[in-house]
Structures are given as structure tokens and as C-alpha cells.
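Student: This is the structure I want to talk about, given as C-alpha cells.
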Amino acid sequence: MSTSPAARPTSNAHLLGWVDEMAKLCKPDRVYWCDGSEAEKKRLTDDAVAAKVLIPLDQQKWPGCHYHHSNSSDVARVEHLTFICTPTKEQAGPTNNWMEPKEAYRKLGAIFDGSMKGRTMYVVPYVMGPSTSPFAKVGIEITDSVYVALNMGIMARMGKVALDRLGDSDEFNRGLHSVADCNPERRFICHFPQDNTIWSVGSGYGGNALLGKKCLALRIASYLAKNEGWLAEHMLILEAESPTGEKQYVAAAFPSACGKTNFAMMIPPAAFPGWKIRTVGDDISWMRVGEDGRLWAVNPENGYFGVAPGTNRKTNPNAMDSVRKDTIFTNVARTPDGDIWWEGMDHEAPAELIDWKGQPWKKGSTEKAAHPNSRFTAPAKNNPAISPLVDDPKGVPISAIIFGGRRSTTVPLVLEAFNWTHGVYLGSTMGSETTAAATGQVGVVRRDPMAMLPFIGYDCGSYLQHWLDMQSRIPNPPKIFLVNWFRKSAEGKFLWPGYGDNMRVLKWMLDRAAGRAPAQETLLGYTPGDAGLDLHGLDVSKDAIAAATRIDLGEWEQELESQSEWFEKLGKTLPRPLALQRELLLERVRAARKVK
């Protein structure tokens, strides 16, 4: 077994001992330590092209861009094979899959044993967060996938910078990953919060294999945050600059397919001249209390791992600019001459394509050319609207926290919480509608507290209690809001135009955070009222706006019944203040119905 480059570029005994131990288990032919340099990126890319792991795109149209298609059984996160391995099942809680740690190490160890024979073991040191920030966390991912190593080079600050930050410390996340035989029957993603360790085997897909992303930055980090008194959240961070030059920062949590990246990269409508929205982050926020008593946030990532289908110049021009160079496209469709396409792109599909499975595809086919979860991995620095503070080690001060799900009924366009506890209640009960295929029942609400349901690294009730406990740590807390861009008319049409016009709602929230906008008190929270939103230049009827902001008491009685079932699922660790918030709202709704 050989080791390169420069043999071992660290003298950290903790790290060297662990790498040796993992090499002994996985038995690679060669160990390669990544340094994060441009020369290395070119060399690894050439290796990946030679091995047909990557296919170069037309370098005139897509400079520095490459295409990858995964195994057809390996296209998304696998929640049912994702485990939290805590000493007791209660510590993982009722919303996570649990495996006893010794059993998990034994079970996965048997799969890892010899899994890298004939392969290179890449040692990928990386930092989540600006490398000089007190927020920063170091991880080391060992992987047998050059695709993973190259993606980690985009998504995190990778290589020498991480080893320099680590020094001789033992405080690093130990991540072991092998594609192994990519067998769904031998696929496990296991998190060991007490050991600051992640073992992932049998998948090469982003969320399962890029261990810095969901695994460390949310599941492990949420556990560390609970113990250390901060928040690791599934939230975008955006900077809003007014025409007068005032800058405010918000963090927003939306579940998948609810427009997080679009909101983070929003372009204000023509009716808002002089306003600028810049991206600090599009997916993850780490937040700590600053010396001034405010909540400060950093984006731990260094790139965007975005869903391609539906992304176009209308929905997200900044994302389209971000992927123009040095991007890896996974499971989109491509043309034989090195162009790419996906459903929802600005132009119609070409007559013939190679689909995401590598098969010929003709226009008019009922099959999707690009996989619905096909992705782009793009460097954050490509974003023309990136915030200049994206690498600031202090982070940015958060004025508002926004929660939002996808609800066709019930939840109005925007609400401001009465207080922190009420805001945590709104976040704890947020969710999105699904179709229950077995019953054909449409509109079943999948609760997704703070958009974190698949990513909480410990018991959900304890996580919500941590949110409540944070109030005493934040002398100057941000205001909390709930939004719903997705309410529909009786005919099934969206009532609110969304996209850039969400700026109108954002402006009201920013003004409320600054203490300069009026609001109307309702039984659900504060709302803008009839005149609170700036609607000039908006081609939407007054009736549609009224319907988007309406509070229907009958719908809320049903909603509170559904919330009761959700709270029962959380069991005995559900914080009593959240149950009380539900009970108080139910009383307000019933009292209002009697008055009516």
C-alpha cells in the first residue's frame, strides 16, 4: 500500500493513528492525502475522466464543467437507512432510526472490511465555516470515491487549510465513506454523536456521501450545538440592502422543494428599485450569540448542492449564473456534443438526449430526461449576488428568523410570532402537504419542525427544548415569522406569485424587525393587515391577496387536531410550553367561532 502526496502532510498523531486504523480495515491499494490545490483538482479531474466517473462537457459553453451519472439505485438521501447511534434509543428519539453503537460499528465494519481493495483511499481534510472563525469545525473524510473528493473540494474549504486549523488537536469529525458495491441492501449512513463520527457505506450520492453537508453540518452539529449552546439549522442566510444602504440579515428554514435556494438568491421586482438581495448561504446556518447579545450566523459551506430541475432564468437567474463554470452536474440529461438539459430549463428539450441513466431519449417521451433529484455542485464564489461577508469569521447579525412550509390551505401568507416561545411553536408545527398514495388522500401534512426532521442528531423533543432554552442566552433575539408562498384558490391556482415578489413580504418582515412597520394582531400572530404590504406594481387581484392572507377558523380547528397527533408522537420529551401554546390557540379559535 502506497501513500502520497508528500507522504503524510501532518504530524497530528490522533489523525495519523485513525487514518492507519481505517486503512487497515478497508485495505486500499493506495492512500492519497488531498491538499486542496488547483493543481490537485486538475489531476483528480483528469483521473475521474480517465475512469469515466466524469464526462467533460463542451468547454466553450460550460468551462470547467463535468457530468456524472450515478448508479440508478443511488439517487437521493435514504432516510430509512440513516441512523443515529446513541447509547440509548430514547436519546435518538421517536423521529430518528436508531442503532446501538457497538452493533453499528460491528455491522458496518464487516462491510467496510476490504471494501477499498484495488482502489485509492482519499483522505479529505476540510473545514466547515470560515477557517479562522470560532464557528469553524474540522472534519476528515476518508473515501474511495474521486467524485466525492472533488465535490468536497467545492462544498467545503478543503485540504491544507483544514490541517492548519486542526494542528495537533484531537477535535475533528471522523468520517469514513465507501461506495463499496453500491448495494441498497448493504447501504447505511450512521452517525455517532458522542464519538463525533460518521460511517457511510454503499452510496455515492451527495447527502449520503459528502459527509460535511447534512451529516456533519446538521446531524452531528445539532448535537454539538445543544451541548455548546448554539444552533445548527437547515436555513438559508440572506443579506438585504435597502436603497438607503441599510443592511439586514435573515435566516430562513423551508423544507425541501419550498424554494430555499430561490429565496436566498432572489432578485427584487422592478417595483423595488435600489433594493439588493445577496446570498450568505442557501442551505445551512450555524448561529451563536455574539458579544452584543444578538444572534450571529455563518454559512458552514463553500458551495451549492442544488436541485437542477425547475431552475431557470425566470425562477433563479443567479443560480443559472452560478453553474456556468467549474460545476459538476449529476444525473441531468446531456447531449452527445457536451451540452446539458433538465426539465424546467429555459428552452425546450432538444430532439434527442442521453438521459440520466445513459439511455437514448427522444422529445415527447413520457420518461424524465433528468432525474427529478438531479443536482449541480457549484462554487459559492460563482454567485454574482454573493455577500461580501460570506467569509467573515464573525458571521452576520440575524434580524429575523423565517419558517415556511408548503400549504395549499390554512396557513396565511405571513405571520409574526407574539414572542420567542410562540415562534418556536410555529416552527415546531410547520410542515408541507404530501399525497398519501395508499389512501389517495391529498393534503396530508408531513410535520417538519424547523425543516430539520431528517437532520436532528438527537431526540426531537429535546431539540425543541433547546430552542426554547436559547431564549435566555439571547438578550437581543431576532423576531420570528411564518410564511406560506403556496396557498391555492378553490380552483387549485396559486394565490401569491412568489419568486421575486416575495420581496414584498420580506420588506414588511425587515421593517417589523427594525421596529418601524405597523401590524394587526390576530389570534395566530401579527399580520400586515390590509395596508401593510407594499403591493404597488403587482398584477394580483385584491380578492387573491385577501384569500392568501385569510384566517379560516374551521381550517384552524382541523389544523390544531392534526398538531395534537404530531405532539403525541414526540412523546414525553415534548416541551410543555409548546403543548400550552397549542391549547391556548385552540381556546382562541373556539372563542372566535362562538363570537361569529
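Backbone N, Cα and C define each Cβ position, glycine as well.
Found this in Swiss-Prot, in case it helps:
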ACT_SITE  Cys258  active site
BINDING   Arg77, Tyr205, Gly206, Gly207, Ser256, Asn373, Ser374, Arg375  substrate binding site
BINDING   Lys214, His234, Asp283  Mn(2+) binding site
BINDING   Ala257, Cys258, Gly259, Lys260, Thr261, Asn262, Arg375, Arg406, Tyr499, Gly500, Asp501, Asn502  GTP binding site
REGION    362-388  region 'Disordered'
Student: Would you say which of the binding-site residues Arg77, Lys214 has the most Cβ atoms within 10 Å of its own Cβ?
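Tutor: By the 10 Å Cβ neighbour count, Lys214 comes out on top.
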Student: Please give the greatest C-alpha separation between any two of the GTP-binding residues Ala257, Cys258, Gly259, Lys260, Thr261, Asn262, Arg375, Arg406, Tyr499, Gly500, Asp501, Asn502, in angstrom, as a whole number.
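Tutor: Pairwise Cα check on Ala257, Cys258, Gly259, Lys260, Thr261, Asn262, Arg375, Arg406, Tyr499, Gly500, Asp501, Asn502 gives a maximum of 26 Å.
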Student: From the binding-site residues Arg77, Gly207, Lys214, Asp283, Ser374, pick the residue whose C-alpha lies nearest to the C-alpha of Tyr499 (GTP binding site).
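Tutor: Spatially nearest to Tyr499 (GTP binding site) by Cα position is Asp283.
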Student: Rounded to the nearest angstrom, how far is the Cα of Lys214 (Mn(2+) binding site) from the Cα of Gly206 (substrate binding site)?
Tutor: 9
Student: Work out the three-state DSSP category of Gly259 (GTP binding site).
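Tutor: Looking at the DSSP assignment, Gly259 (GTP binding site) belongs to neither helix nor strand, so coil.
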Student: Under DSSP, is Ser374 (substrate binding site) part of a helix or a strand, or is it coil?
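Tutor: In the DSSP reduction, Ser374 (substrate binding site) maps to coil.
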Student: Quick one: of the recorded positions Arg77, Tyr205, His234, Cys258, Arg375, which has its CA closest to the CA of Asp501 (GTP binding site)?
Tutor: Cys258
Student: Would you identify the secondary structure of Gly207 (substrate binding site) according to DSSP, in three states?
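Tutor: Reduced to three states, the DSSP call for Gly207 (substrate binding site) is helix.
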Student: Rounded to the nearest angstrom, how far is the Cα of Asn373 (substrate binding site) from the Cα of the residue listed as 'active site'?
Tutor: 14
Student: Near Asn373 (substrate binding site), which residues of its own chain have a C-beta under 8 A away, given they sit six or more steps off in sequence?
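Tutor: Asn373 (substrate binding site) has long-range Cβ partners Val75, Ala76, Val307, Asn331.
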